[in-house]
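Taken verbatim from TrEMBL:
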- E176: active site, proton donor (ACT_SITE)
- E370: active site, nucleophile (ACT_SITE)
- Q30, H131, N175, Y305, W417, E424, W425: substrate binding site (BINDING)
Amino acid sequence: MTSTDVRPELAPGLAFPPGFTFGAATAAYQIEGAVDVDGRGPSIWDTFSHTPGATYLGHTGDVAVEHYTRYPQDVRLMADLGLSAYRFSVAWSRVLPEGAGRVEQRGLDFYRRLVDELLGQGIEPWLTLYHWDLPQALQDAGGWAARDTAARFADYAEVVHGALGDRVRHWSTLNEPMCSALLGHMSGQHAPGQQDPVAAARATHHLLLGHGLATQALRSRGADSLGVTLNFTPMTPATDRPEDVDAARRLDGQQNRMFLVPIATGEYPADVVADLAAAGAPLPVEDGDLAVIAAPLDWLGVNYYFESTVAVGERPAGRPTSFIGAEDVVELEPEGPTTTMGWGISPGAFTRLLLRIASQAPGLPLVITENGSAWPDEVSDDGAVHDPERTDYLLRHLEAVTEAIEGGADVRGYFAWSLLDNYEWARGYAQRFGLVHVDYATQQRTLKDSAHAYAEVLRAHREQG
Ligand code: FCB
């Protein structure tokens, strides 16, 4: 199940353009802990993770990796690795505990301290405003299914920019709105845990609208490096039978095109609009919305982990689909080695994906905002963490990025997921994605071999000038 096909000859010979950004990524709820400190209000992930049966062994982000207090040490680790950038998210309910209205200065102060620590080490902050942790008060008012949440998101963006806009240049609105909308409201495997196609379609549109409104608000405040992070999964039909080809079209529509195309062109793909309407879950578009959603961006964040093979078939019991009107579609088990998430490994699909996005969103620079893999890491007797599979995954996917660049894709940066082992949402602490191992009993951090390999790539890149 694991791959030992490590190819050390890839590093340090990987050639990236001068000025290429190398970083690592995290998200607030996955690392911060301190959920009831300094006036933070509850989010939908607090509620969901405390719902019996919702997460692996009932794991929650209550403690996580204590980044809220350990951030100086974590920033030093980034500096040791030679990262030029760090992607993190702000917890909306630390800043606005009720989601709107009253601002909690202590929440903003935490992010100011973090940013100052990063700048002090020469590391560029890349701030994401929303990585899935909607304030519970806004969920109680209808959540993303309610149109008003989009306007509240733009208000929140202005508050954070008002506090940090003088020291943070790179701003992303949303992380993976597909997951917020469809995993949150269709399969229900993420917060708020709903299984309601109408809510899923409404959440999709209101997330995109919120992205556009926040982008406009930040632009009018002078921001000049604005983006959004989308998660892409290439969908390949299992056979050339027309029903499988159409199944792949439908999943590709909702996974990839429903988010990228309106942002890039100001139109939803017509086939997706038709699929959703046929399923009784139309996108609630009002006049003028699509022009807002297509507000100009400076870069597009791309998250990539694996590709999927799709067929018409009977779904296993207890595995509801994440896709609207796709109860007759299955994603096949990957062939070949898989990570502990059960995800296959396809760097070639990454190259092809980047070239496809580049052609669908011409002129928009791409930044890989997440890519990585989970493995069953342990600290060895020698005190090190030997993770050849993660190192291999990392180097092969970095090579895939260089191939996309050679093929003409304008890729400007790469952020490894993740800096630290952390709370992997509904999969709890069982899935380790970090370059840095965390012992959850002691909070001890240990650089894995993959972290050393990444540092070596970065060092070679700096030396190439
Ligand atoms: C992405 C999420 C990130 C992490 C990785 C493994 O979908 O954005 O928070 O969970 O998957």
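Even glycines carry a Cβ here, placed using N, Cα and C.
From a predicted model like this one, the values you see are computed outputs, not experimental measurements.
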Next on the checklist: For a quick check of packing: other C-beta atoms within 10 Å of the C-beta of W425 (substrate binding site), how many?
Outcome noted: 23
Checklist entry - Given that the record lists Q30, H131, N175, Y305, W417, E424, W425 as binding substrate, what is the largest C-alpha to C-alpha distance among them, in Å? => result 18
Checklist entry - Around the substrate site (Q30, H131, N175, Y305, W417, E424, W425), what further same-chain residues have their C-beta within 8 angstroms of the site's C-beta centre? => result A27, E176, E370, S418, N422, F433
Checklist outcome for this item: If you measure between the CA atoms of Q30 (substrate binding site) and E370 (active site, nucleophile) and round to the nearest Å, you get 14
Next on the checklist: So if I measure Cβ to Cβ from W417 (substrate binding site) and keep only same-chain residues at least 6 apart in sequence, which ones fall under 8 Å?
Outcome noted: A24, A25, N303, E370, N371, G372, F433
Checklist outcome for this item: Students should find that the Cα atoms of Y305 (substrate binding site) and E176 (active site, proton donor) sit apart, in Å rounded to an integer, by 13
Checklist entry - Name the residues of the same chain, 6+ apart in sequence, whose Cβ is under 8 Å from the Cβ of H131 (substrate binding site)? => result A27, A28, Y29, Q30, S89, N175
Next on the checklist: Using CB atoms and a 10 A radius, I'd like the single residue among the recorded positions E176, Y305 with the highest neighbour count.
Outcome noted: E176
Checklist outcome for this item: Within 10 angstroms of the C-beta of Q30 (substrate binding site), the count of other C-beta atoms across all shown chains comes to 25
Next on the checklist: Can you tell me whether DSSP puts Q30 (substrate binding site) in helix, strand or coil?
Outcome noted: helix
Checklist entry - Where does W425 (substrate binding site) sit by DSSP, helix, strand or coil? => result helix
Next on the checklist: Just to be sure I understand the packing, how many Cβ atoms besides its own are within 10 Å of the Cβ of the residue listed as 'active site, nucleophile'?
Outcome noted: 24
Checklist entry - Should the residue listed as 'active site, proton donor' be counted as helix, strand, or coil on the basis of DSSP? => result coil
Item to check | Cα-to-Cα gap, E424 (substrate binding site) vs E176 (active site, proton donor), nearest whole Å | outcome: 15
Checklist entry - At the level of the C-alpha atoms, what whole-angstrom distance separates the residue listed as 'active site, proton donor' and W425 (substrate binding site)? => result 14
